[in-house]
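Working notes, beginning with the structure itself.
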Amino acid sequence: MALLRGVWGVLNALGKSGADLCAGCGSRLRYPFSFAYVPKWFSSSLSGYPKKPMTSYVRFSKEQLPIFKAQNPDAKNSELIKKIAKLWRELPDSEKKIYEDAYRADWQVYKEEINRIQEQLTPSQMVSLEKEIMQKRLKKKALIKKRELTMLGKPKRPRSAYNIFIAERFQEARDGTSQVKLKAINENWKNLSNSQKQVYIQLAKDDKIRYYNEMKSWEEQMMEVGREDLIRRSIKYPAKNDPEKF
């Protein structure tokens, strides 16, 4: 019984879908994921592991996102999330209840399916499953987190002067493999004069300012939709005379 409770805790903690991770944020991952790694013997005999149901807010967001995208084709996901969150807050309780009831019904089905799966596993199979889950957990969690942040429209980190130069020249280069191109571009960078490099250094500084401003706006939006867990604890302001490293 202790083993059963232990594995249930692992399955309950790790068997999260992308939608569940986005609960309260107004968006979900494009493809459903689960932290739980399911061995072949498990999948073939039990036809897969169930995903956690969407919360009431995520269900509402999934319905509204295509509508908002059609109305605002050029808007960023983060902007649409903000609008959907505002619409949800203004939704009458009677209409919210429809989504809440649907979530409770799906949750009951989910729990029953979990119980059915556990009843068919032998103790040795449960131990094997637990080990596989723990081995895959961190890697899966990091991947899902990265995709979630991308889906939420988190700004891209600022590029260095060297990276800006590489991106610019790589698009212009046509001959040779990627490795050959990078080697040639790297040599070109080394041969640039200080004044020539200064152009890219300034672009990198501008990119830092862009990143700071976009992050500030993005974090404000995350606060509005209840995702304080995505807010940085310490914020570094871009220095005016911050020397660029390359």
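Each residue's number is its place along the chain shown, starting with 1.
A Cβ is built for glycine as well, from the same backbone N, Cα and C atoms used for every other residue.
Per Swiss-Prot, the features are:
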- 50-118: DNA-binding region (DNA_BIND)
- 155-219: DNA-binding region (DNA_BIND)
- S56: phosphoserine (MOD_RES)
- S61: phosphoserine (MOD_RES)
- T122: phosphothreonine (MOD_RES)
- S160: phosphoserine (MOD_RES)
- S193: phosphoserine (MOD_RES)
- S195: phosphoserine (MOD_RES)
- V58: site 'Intercalates between bases and promotes DNA bending' (SITE)
- L182: site 'Intercalates between bases and promotes DNA bending' (SITE)
- 1-42: transit peptide (TRANSIT)
So which one is it: of the recorded sites V58, L182, which has the fewest other Cβ atoms within 10 Å?
L182
DSSP-derived class (H/G/I helix, E/B strand, else coil) of S61 (phosphoserine):
helix
I'd like to confirm something. Which of the recorded positions, S56, V58, T122, S160, L182, has a Cα closest to the Cα of S193 (phosphoserine)?
S160
Please list, for the DNA-binding region (155-219), how many residues fall into helix, strand and coil according to DSSP.
52 helix, 0 strand, 13 coil
S195 (phosphoserine) to S61 (phosphoserine): how many Å between their Cα atoms?
50
Here's one to test understanding: among the recorded positions T122, S160, L182, whose C-alpha is closest in space to the C-alpha of S56 (phosphoserine)?
T122
Check T122 (phosphothreonine) against DSSP and tell me helix, strand or coil, would you?
coil
Among all protein chains shown, how many Cβ atoms are found within 10 Å of the Cβ of S193 (phosphoserine), not counting that one?
7
